[in-house]
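Everything on this sheet refers to the single structure shown next.
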Amino acid sequence: MKIAVYGKGGIGKSTTSCNISIALARRGKKVLQIGCDPKHDSTFTLTGFLIPTIIDTLQSKDYHYEDVWPEDVIYKGYGGVDCVEAGGPPAGAGCGGYVVGETVKLLKELNAFYEYDVILFDVLGDVVCGGFAAPLNYADYCIIITDNGFDALFAANRIAASVREKARTHPLRLAGLVGNRTSKRDLIDKYVEACPMPVLEVLPLIEDIRISRVKGKTLFEMAESEPSLDYVCEFYLNIADQLLARPEGVVPKEVPDRELFSLLSDFYLNPANNASSIEQPTDSIVQSEQEPFLII
């Protein structure tokens, strides 16, 4: 299974990706996480340091693939999760999609690409140009990380459009949304009404999620010394269980930009009209089962 994780810049994709990777490993799967961001910090909370990138390694070998060994580019992270950072071209030059392609090419050369039960691509920001949409070419599922805010959901809608476009020629489905660190989900629910898709999980506004990034640890590692965080890990285990069940997923039909702008801005400009939509805090919400949607 191959999963591509997208979302607005700064929304918590890497933190969420690392914890999902650990959750999948806890379920007995062999997991590889590939960071697809020039900052090469996707796997930081798994390894505790910034690992060398594929591009750096290839450059040091003068792009002689035969001189590269698995241990040159694949690093063991917490919980047995293997980690790779694709890296990227110099700022303002080159194409990130090319880098992702070179990464996959090298892993295939090393006979590593097909050795894993799950490969998770953690992709930068909400950039959905052809280059950084490249991981969707390899993915079975896409997950979109969001919060209950206007900007994150607007970005999610653009990513949904990319999934729909890629699904024309690839066996790709949107597994669903993950709400990250949000005390409410009214805007998320309003968006999902307009663009039907599953909501895999909504994580409450937990400060330790943010702190974990600063500490360079996953929530699972922090929970070893702070058992009070075990309940946070359950959110990620729930996401992992849903993914391992091989959901049908959806081919989303994005909301037109102007329509979405009106839909979401109405919640801010006319709060009284939406009083009935205001929900309980997410830590008191029990997610109900959803029938999968398939929209063509």
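Cβ atoms are placed via backbone N, Cα and C, with glycine included.
The shown structure was predicted, so the numbers you read here are calculated from the model rather than taken from an experiment.
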Of the candidates Lys29, Lys30, Lys39, Lys166, the one that Swiss-Prot places in the ATP site of Gly10, Ile11, Gly12, Lys13, Ser14, Thr15, Asn180, Arg181: Lys39
Sequence-distant neighbours of Ser14 (ATP binding site) in its chain (C-beta under 8 A, six or more apart): Gly35, Asp37, Asp41, Ser42, Thr43, Phe44, Thr45, Asp122, Arg213
Neighbour-count leader, CB within 10 A, binding-site residues: Gly10, Gly12: Gly12
